């Protein structure tokens, strides 16, 4: 038994390194980037990230193949599900106005290795997403000119027949990415200005589609003769919701931009709500117009809107739709190129990725190295690869990030705020804050009257009565007073927030198990009905019980920044929905995901874990500070000792009989 701790010590230290949390600065508004984005800028970025080519392609595809005219209901369900995730991003973006989005949110609440893997997946997601949009942009423009660009490239430049590679190098897609990266490197204001132009044109085209489309609407296209409103039933509506959910991916660009916002505490939640509302309204109304203009079963999935106007005799309107589509794809392209370098910059700034990407241009105040390098990598992917087989990989990275952000909201909401080095509550849950000689709020080391009591200043002794009153109030992460008589014996001995963290883990495991049984239980696993039902009941109870136990604990109440309503129900529902969608992905997607994760772990253990700034912070010598010790006799002694984290104070309090006791005796003899 005695040798077990020694043998396990390296493993324990490794686990502590992997799960260490990021220490945030006291001044959350301090940044090397330029804070110049307004609420309008963030809103248009969010709209540009969500209202892209999906409006012109996805609506027709889902209406024809999955849901029929009931695609309207599918977009409503998808919008509600996206709102759950958007709430979580809005809270973190307002509370922690730092770039990095899901990576940063995971780092401050879950742990380092998990944050790195989330950031690693978001990098690939943005790279593939940007390259895919560039190829779609190129293909759409090429189709307007009757594929003249493709024919010229194949005839006069080159073509190849290699698996996973495109049939020909898409020079136009690579070129637009290089040009866009060049413009974005000039600064955030240039990026915002370009996004304003393209978003305004795109929204103007959407208004044109709605007005002209409702004029041409024929309610008979929803009649039973054409198949009715919901020809595929409820199953088709739900399947359509799963597909439509990805149309709203892109609002996280707002959270990624929070470090460059003038007033992120207000701008991020407002911009998230408005942009998501505008995007949902656009998708719902355009779907309504499209299915009323022509019968849903005759739609062209590749260019539904342009084809609908052409079949109604207004071919000129197709040109307007084409302009709107290209502008919409430009906004999505800009959002991908805007978000990706900032996530890379955040990881490099923390030491988890190569430090060259942490450099910020002193004039433009943007991470130019990250913008240019990853812009060129994205252009190379668009130039060479056939991205149709990789596009499905986009969804798993997004859903995983959404899941971790929702879990982080619960963990941080029920975790007590640590006292920072300057006497104010720190947003970071990491106890390893930098020490400071500025007096902290008084802390009692021992409750036993026979033990010496330690304070930061002599005036703290005069506030004992007030502190005793405060102890009667329930702290964050502890059981609520009304539940203490029933659950205190079972959960009362745990540290504040410890039970909630365990319940969040149980919540995720039960969600995965429940969705796996629903998706694979009857078909692939061929479970008998009784075992299928029993597993559903068990995992459902585990999910509900986890939410209930979290709810009986005392949450943080912060009125200064936006907070997700109905916690833990809102993030819990988001976790369940995200996991359900992940279970619907193909086996090949999971294989690619596993390979990419393995590469990420190689990078982390080869570089990140050794250069992590949190690891360097832990190795720095602890500062010295003055302490005051009040002995049972009432005498006051000043001692000098190293400042220790809160977690170590309790241990050091029981060994105060060394230098402190000697100093106390010497002081009493002099008196």
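Backbone N, Cα and C define each Cβ position, glycine as well.
TrEMBL annotations: computationally assigned, not manually curated.
What TrEMBL records for this protein:
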TRANSMEM  37-58  transmembrane segment
TRANSMEM  70-90  transmembrane segment
TRANSMEM  171-190  transmembrane segment
TRANSMEM  197-217  transmembrane segment
TRANSMEM  229-255  transmembrane segment
TRANSMEM  267-294  transmembrane segment
TRANSMEM  314-338  transmembrane segment
TRANSMEM  366-385  transmembrane segment
TRANSMEM  391-412  transmembrane segment
REGION    419-446  region 'Disordered'
COMPBIAS  421-431  compositional bias 'Low complexity'
TRANSMEM  527-552  transmembrane segment
DOMAIN    562-612  domain 'Cationic amino acid transporter C-terminal'
TRANSMEM  564-583  transmembrane segment
TRANSMEM  589-610  transmembrane segment
REGION    648-671  region 'Disordered'
Same-chain residue ranges lying at least 6 outside the transmembrane segment (527-552) that approach it to Cβ under 8 Å: 410, 414, 479-480, 483, 487, 491, 499-500, 503-504, 506-507, 509-511, 513-514, 517-518, 521, 568-569, 572, 576
Segment proximity, the transmembrane segment (589-610) to the transmembrane segment (171-190), 3 or more C-beta pairs under 8 Å: no
Residues from the same chain, set at least six apart from the ends of the transmembrane segment (589-610), whose C-beta lies under 8 A from its own: 17-18, 112-113, 116-117, 120-121, 124, 347, 351-354, 390, 392-393, 395-397
Helix-strand-coil residue split for the domain 'Cationic amino acid transporter C-terminal' (562-612), DSSP-based: 40 helix, 0 strand, 11 coil
Cβ pairs under 8 Å between the transmembrane segment (229-255) and the transmembrane segment (391-412), at least three: yes
Per Cβ pairs under 8 Å, the stretch of 37-58, 314-338, 366-385, 391-412 packing most closely against the transmembrane segment (197-217): 314-338
Stretch in 37-58, 70-90, 314-338, 366-385, 391-412 most in contact with the transmembrane segment (267-294), if contact is a CB pair under 8 A: 37-58
Range from 37-58, 70-90, 391-412 with most C-beta pairs under 8 A to the transmembrane segment (314-338): 37-58
Long-range environment of the transmembrane segment (70-90) - Cβ separation under 8 angstroms, sequence gap at least 6: 59, 62-63, 101-102, 105, 229-232, 236-238, 240-245, 247-248, 251-252, 254-255, 268-269, 272-273, 276, 279-280, 283-284, 287-288, 291, 402, 405-406, 408-409, 562, 564-565, 570-571, 573-574, 577-578
